[in-house]
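Scroll down for the structure; my scribbles are underneath it.
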Amino acid sequence: MTEFTPFSSLIGGALIGLSAVLLMALDGRIAGISGIATRLLPPYREGAGSLSALAFVAGLVCAPFVVMAVTGQPVLQTVSSNLPLMAIAGLLVGFGANLGGGCTSGHAVCGISRLSTRSIVATVTFMATAFVTVFVVRHMVGG
Amino acid sequence: MTFVVNLLLGLLFGIGLVVSGMSNPPKVLNFLDLAGTWNPSLLFVMIGAVLVTFLGYRIVLRRDRPLLANAFRLPTAKDVDARLLSGAAIFGIGWGLGGFCPGPALTALGFAAPGALVFVPAMFAGLWAARMLTLARPPLKQA
């Protein structure tokens, strides 16, 4: 079981949105994490902004430590220790996000906010396959 | 300047993920577990993020250009094609298996949990593989 946190989830979501709006206002870019991560990879093109992508990713990595320093509370994070499963999950997430042109942030936050049909379709699609995957893993295979 | 802005906005995005609880995979997986221990927190994250981004984008995109770059880089693809659908479907399966999408996986990196240390390189490999595939076989209408 995990705690249902409507208030802090709403606030956290608003912070994610604020980051997305400011990234557009200042750097003119969509805050899609898979897109930002892809800019770290070769082949490098001029104007791809690999350095700024690296800075954004560094910020993401540091975030839980900043939260811990400010609140004095530990950040709870439980990651599956099934390493082959996590390797397959990572491959699928990366491959699918690049092929589909975005992930939860790029499509489900930024794209939906732009009322993009592609993003709405992508979000419905990945939500559906994720629901089915969790159902199969937890209730049919018996995880 | 762009580097510092990206670092701070990555940090803000990551803090949003931590505050919202989405950096913790079980909370995401419980949202996806409709038939079991359903936790609707992710829905509230989405509402907060989309609300702020939708309103913010409407203000920001009225301007001619971003403050620190020459132009807004907005996706131009309009077609819902097989690539979008299959990519999103694959992404959802990976998301449902690991409970990680790209942002939360990167915020997990600093804690060095074995599952995250396996997931993130696999994700980059997946991003790279799909990118190579796309470069080798560009879609009819390039995004």
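A Cβ is built for glycine as well, from the same backbone N, Cα and C atoms used for every other residue.
Residues annotated as transmembrane segment in TrEMBL: A:6-26, A:47-71, A:83-100, A:120-141.
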- Item | Cβ-Cβ under 8 Å with the transmembrane segment (A:6-26): same-chain residues at least 6 beyond its ends | 56, 105, 109-110, 113
- Note on the structure: Counting only residues at least 6 beyond its ends, the same-chain positions whose CB falls under 8 A of a CB in the transmembrane segment (A:83-100) are 34, 37-38, 106-107, 122, 125-126
